[in-house]
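Feature table excerpt (TrEMBL):
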type	residues	note
REGION	C:1-98	region 'RU A'
BINDING	C:ARG51, C:SER78, C:GLY79, C:ARG191, C:SER229, C:ALA230, C:ARG315, C:SER334, C:GLY335	substrate binding site
REGION	C:109-246	region 'RU B'
ACT_SITE	C:LYS159	active site
ACT_SITE	C:SER229	active site, nucleophile
REGION	C:252-354	region 'RU C'
BINDING	C:GLU288, C:ALA337, C:GLN340, C:GLY341, C:PRO342, C:GLY345	Mg(2+) binding site
SITE	C:THR311	site 'Important for substrate specificity'
Protein chains: 4
Amino acid sequence: MRCSVVRVPSASPSDVAALRQQVENGGIDPHEVVAVIGKTEGNGCVNDFTRGYAVRVLSDFFAGLAGEAASRISYVMSGGTEGILSPHLTVVSRSEGTGAAKPQSNGKALAIGVAKTPAFLPEQIGRLAQVEQVADAVNRAIREAGIEDKADVHFVQIKCPLLTADDILDAYSRGEAVVTEDTYKSMGYSRGASALGVAVALDEVDRASLEEADICHNWEKYSGVASTSAGSELNYCEVIVFGNSSHAEGPLFIAHDVMKDAIDADALRRLIEQHSDAEIVQVLAKAEADPTGYVRDRRHTMLNDSDINHTRHARAVVGGVLASVCGDPMIYVSGGAEHQGPAGGGPVAVIFRH
Amino acid sequence: MRCSVVRVPSASPSDVAALRQQVENGGIDPHEVVAVIGKTEGNGCVNDFTRGYAVRVLSDFFAGLAGEAASRISYVMSGGTEGILSPHLTVVSRSEGTGAAKPQSNGKALAIGVAKTPAFLPEQIGRLAQVEQVADAVNRAIREAGIEDKADVHFVQIKCPLLTADDILDAYSRGEAVVTEDTYKSMGYSRGASALGVAVALDEVDRASLEEADICHNWEKYSGVASTSAGSELNYCEVIVFGNSSHAEGPLFIAHDVMKDAIDADALRRLIEQHSDAEIVQVLAKAEADPTGYVRDRRHTMLNDSDINHTRHARAVVGGVLASVCGDPMIYVSGGAEHQGPAGGGPVAVIFRH
Amino acid sequence: MRCSVVRVPSASPSDVAALRQQVENGGIDPHEVVAVIGKTEGNGCVNDFTRGYAVRVLSDFFAGLAGEAASRISYVMSGGTEGILSPHLTVVSRSEGTGAAKPQSNGKALAIGVAKTPAFLPEQIGRLAQVEQVADAVNRAIREAGIEDKADVHFVQIKCPLLTADDILDAYSRGEAVVTEDTYKSMGYSRGASALGVAVALDEVDRASLEEADICHNWEKYSGVASTSAGSELNYCEVIVFGNSSHAEGPLFIAHDVMKDAIDADALRRLIEQHSDAEIVQVLAKAEADPTGYVRDRRHTMLNDSDINHTRHARAVVGGVLASVCGDPMIYVSGGAEHQGPAGGGPVAVIFRH
Amino acid sequence: MRCSVVRVPSASPSDVAALRQQVENGGIDPHEVVAVIGKTEGNGCVNDFTRGYAVRVLSDFFAGLAGEAASRISYVMSGGTEGILSPHLTVVSRSEGTGAAKPQSNGKALAIGVAKTPAFLPEQIGRLAQVEQVADAVNRAIREAGIEDKADVHFVQIKCPLLTADDILDAYSRGEAVVTEDTYKSMGYSRGASALGVAVALDEVDRASLEEADICHNWEKYSGVASTSAGSELNYCEVIVFGNSSHAEGPLFIAHDVMKDAIDADALRRLIEQHSDAEIVQVLAKAEADPTGYVRDRRHTMLNDSDINHTRHARAVVGGVLASVCGDPMIYVSGGAEHQGPAGGGPVAVIFRH
């Protein structure tokens, strides 16, 4: 396997001009694309339709170019480009290898695997049922990626569903209760359950000791590599595993670290310094408002703000901090890091090119 | 003159518990306070009443402790603690000197001067009339501070008025036109005119060549030390000049640099490295959404966002970036940097203690 | 007892100019004021400091005029003047009667009673503990008003606390759980528990059959006269009972009806037609986004909106609808009608003058 | 000509389920559709992509059913369903007549004409160039509708462009100035110029006396039937004229009145009473925050609100008021009524069926 990762800017949720140019230039082969991970300029919350709009436009675009082959592409659109974050697409492709050199001295190169869970009923979202299905899908994606050691998994991107008002009515009509009646809050539960699914799959959290009440409450349990994003445009989970594998080849590899809080610029700085001879292809990170209400012992106001949801604040901060380190605002920063890194912090990964 | 600068956290716009503790501990002498510069947790825009609320509470607090002496205190409340910014007060005091040592090898220490402009009519806001009155007040404050060389001025904080719907009606009722009918936009004009007043006073911009049409249009003309904040709680300008003077004494001094854009962490890093033997007392900075719509050649979405005003985005970013460098979210970052630093950037100053 | 009700506009949360004029004109006697019910121009949600600001200014104002007598005044500030709602104060006074004529043929006139609950711990908010304390306070206020028949109670206004991020931390630090970790949602729980307290006091709901799980879930249980408003400026409940009593005198009386949904203009129209010979002094009503997500079988989007909280939408609608009937935007419409009227609807009361 | 008007609800900007059902039931013939006027659930402001998303989905839908015939369909999506407004589509069709009876005693029936202007450069938006092109297109649409008397025109719906940050840069790069640098404000200028184009075409305003400075300033000049809506999804204007014509047939006709302010329920009530023997097919209206800052001499806070744009407030109010009269929240209410009806008011039209 040989993976490629190409970033293209987008001028709006429906813009594919730069993407088309990359295809025409040969930078992207539509038949090899397995995933598109995007930042779109909606509010990133419940009524963010920029995600679905982008998926619609991209599906049409790739179907027009690659026909049936396009149906396997996973689309993960994360809404919210607060602050300096710049709307863009990260296009991930995979092709047969040719026996080329590996970027790392350990003989491993970037490997990517994708998988989907079954569809969820509204009452399953944010609960152990979701944790288990995600864990299963992550394991399948790891196998598909040819990654043999779970320590070689450095980033697991998941797009997961949320509860709309209609979903909640649907559950009630069948006599079922949902994890929360608050549509915005349901995003957190879905992200949290998905992240714990990653943690279970990667043995970061012991499934046997995990209880439903842990979800979105017990912040001690988390994954250091999960990145989950909720949206109304799907009712199942898309899973994309990024790691390094000795079965993969090419100049790319991935590494990760964990930000301890929203202003922990050192996490990214360490990664860059450790790989100072490599070029950055893309930075991927999670952001959240510290649930304690404090950052470095100073009170923050994100959780009491009824005008701007806290995920929007958090993306603006972490986007700015990471861009100030890597010098580029066209990076992937997604909001709501429940069980993704420690409380208030989150994973940060870098795809490098040697 | 001997100046002191003390920061205290606030739990709400009306909280003075930590302030009271500092007074009781002797950290602040109410009779010596000349200015309180605060960050309050409103939206920082037109209908932000947290600024006026804080001023009301602080005026009562200091009047109760220092009586008539409290009437000279300048209150500059800047709304908006987006992201990790932490609501707090920076209390600036001034006392007679005792001939103590100076912190810098050049024999100068922190000196502070304050002044007020006359009240403005709605039709004067954002126009040359405001530029001129501010320039005059800045010059008076510089003299009051005992600063002899304008190059020793490192930060000029101004609180200036804005136009409300009622102000606009008032102007129209007298047959006068206002600079804009958009109340949010009037904040930018008032900040811009105030900043150009600083630039004129400090010879950064030539008054003779300045035209009304330059205000909020010609971004080539700016001050590298102006920090202006608009609010509905006053109809004149409060001016606070921070600089170093050989007439001042004590362990404090101030230095500044200019951020070239919102993610220019190096500006603050340079300041800290240049004074690596000194301790940071407070960081003061301005933030804005780059008016070109781009940061480092990447499109940002702040100016097209009809849900969150761009000043709110900008504060979240710059607050996060600066806090990631100095390690402390309880810093002063104010939004809307029209003619304060280059377009998209802004001044950053640090008060140090030797 | 003789009650008076006077409305005054406010130009901002700190404006008392029109109030002062009424006092100077003799329209309001500061020594007789028992309650001030206001609409302030904040977001009406968690971080709305306009409520506390107004209470601060009003307390100072009345203390300056009436000294110790002012300490008994209940302040109920309801944030949120979305749409055409106009910020104002409804000043309620009470004096000894003189044996004057009664406005209604039944020989009853407007009577008002006030009471306070003890302070609540964060973990009590939104739970049965709050229901019970409120029921007790309502009964005390009814007695104080001299109302003998509970059918003569037509409006019970309550100001109740909410949970801030700090409150939640406080509960956790003592090992206690709170009803919700979502600060905005805590407002609904506090309003709902308070309304059920009214319903219990007025025998609209049977206390014995009421369970904690009913709060904010079982919408069949509600009061037809409760109006509850949450805010961060207090940690107990203020209760103001409005009714008619044969022990009261004067030209005022009160009547109420129940809006079945947010566009039920007929409820107010009926009240006005039934009392077509009387003049409207003030209209008081509650507004909410129908929790089913539908109004008259048409889907609404208020509950999925992550940019504007649903209480803000609801106030704009109900304010517009009622003002279109009574012709006056300076009315009291408060958002979040949990257990106040049927799901999606709410009580509306009119104070009339004969 | 015979026109039909069918309303269908939409569950999201991309939902065509109810539309498809109408097509399958024969309620809508895709080959006859000339316009789709929708309310989508975005913010209705600059960064509202729900409009473009809906147009994309609808274009695909009709192209799949009607092929080339679908290319003539005008799409007018108006964002913003604040309050009780319910997302939906109004599908307008036109077919050859068969000599059937006319609904009105004057022998006229509903007639609809459509036209497009050329594309505008950013610097033309909100200026006389736009007024003139719109006037020309309105005249063409009137002729196409077979309307002989301009008094028979009762509603002119226009979708017009706005200025994004990129548009403004584009103009500057060519040395051209734009009417405003504020993207949200550009929506008002574009709506205002479009409305004046209608007024000129219908002789409501004299072109010779109209100056560029009148646009969005001189509110005395307006059209009583214009309804204009701005969006980023087009750079020209779509014009749809609704009137009655003796050349048209069928059971439908249209009538209009003018709301004097946002709570003027009587305007719609009069229309319904005048046609009490007819059934309401659809209500179409415009809403705005009174630019004086007052409604019925009471201050409103919509223009000073930096959290929610005033068009959003206005739609919530007018939607609620009109729905309370007609009993149906699935009506078309669009925000921003610059030069559409008197200042603070707006046109309201009803399509009736006899």
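From the backbone N, Cα and C atoms, a Cβ is placed for every residue, glycine too.
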What residues, ordered by sequence, lie under 8 A Cβ-to-Cβ from C:ARG315 (substrate binding site) and sit at least six positions away in the same chain?
C:GLY44, C:GLY80, C:THR81, C:GLU82, C:GLY83, C:LEU85, C:ALA287, C:VAL333, C:SER334, C:GLY335
If we check Cα distances from the residue listed as 'active site', which of the binding-site residues C:SER229, C:GLU288, C:GLN340, C:GLY345 wins as closest?
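So, of the listed binding-site residues, the one sitting closest to the residue listed as 'active site' is C:SER229.
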I want the residues beyond C:ARG51, C:SER78, C:GLY79, C:ARG191, C:SER229, C:ALA230, C:ARG315, C:SER334, C:GLY335 whose C-beta is within 8 angstroms of the mean position of the substrate site's C-beta atoms, in chain order.
C:GLY44, C:GLY80, C:MET187, C:GLY231, C:THR311, C:GLY336
What does the structure give for the C-alpha distance between C:GLY341 (Mg(2+) binding site) and C:SER229 (substrate binding site)? Integer Å is fine.
14
Taking the centroid of the Cβ atoms of C:GLU288, C:ALA337, C:GLN340, C:GLY341, C:PRO342, C:GLY345 as the Mg(2+) site, which other residues of that chain lie with their Cβ within 8 Å of it, listed in sequence order?
C:TYR222, C:VAL258, C:MET259, C:LYS286, C:GLU338, C:HIS339, C:ALA343, C:GLY344, C:GLY346, C:PRO347
Reduce the DSSP letter at C:GLY335 (substrate binding site) to three states and note it down.
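It is in a strand.
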How big is the Cα-to-Cα gap, in Å, between C:GLN340 (Mg(2+) binding site) and C:GLY79 (substrate binding site)?
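That comes out at 18 Å between the alpha carbons.
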Using a 10 Å radius around its CB, how many other CB atoms surround C:GLN340 (Mg(2+) binding site)?
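By my count, 31.
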At a CB cut-off of under 8 A, do any of the binding-site residues C:SER229, C:GLU288, C:PRO342 come close to chain B? List them or say none.
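Correct list: none.
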Identify, among the binding-site residues C:GLY335, C:PRO342, the residue whose Cβ has the fewest other Cβ atoms within 10 Å in this structure.
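It is C:PRO342 that, of the binding-site residues C:GLY335, C:PRO342, has the fewest other Cβ atoms within 10 Å.
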Tell me, how many other CB atoms lie within 10 A of the CB of C:THR311 (site 'Important for substrate specificity'), whichever protein chain they belong to?
29
Within the region 'RU C' (C:252-354), count helix residues (DSSP H, G, I), strand residues (E, B) and coil residues, in that order.
30 helix, 34 strand, 39 coil
Note the mean pLDDT of the region 'RU B' (C:109-246), expressed as a whole number.
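Looking only at the region 'RU B' (C:109-246), pLDDT averages out to 96.
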Counting across all protein chains shown, how many other Cβ atoms sit within 10 Å of the Cβ of the residue listed as 'active site'?
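Its Cβ shell of radius 10 Å holds 29 other Cβ atoms.
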Kindly report the helix/strand/coil residue split of the region 'RU B' (C:109-246) according to DSSP, in that order.
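Its residues fall into 58 helix, 30 strand, 50 coil.
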Can you count the other CB atoms that lie within 10 A of the CB of C:GLY341 (Mg(2+) binding site)?
30
Considering only the recorded positions C:GLU288, C:THR311, C:ALA337, which residue has the minimal Cα-Cα separation from C:GLY79 (substrate binding site)?
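So, of the listed recorded positions, the one sitting closest to C:GLY79 (substrate binding site) is C:THR311.
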By CA-CA distance, flag whichever of C:GLU288, C:THR311, C:GLY345 among the recorded positions is nearest to C:ARG51 (substrate binding site).
C:THR311
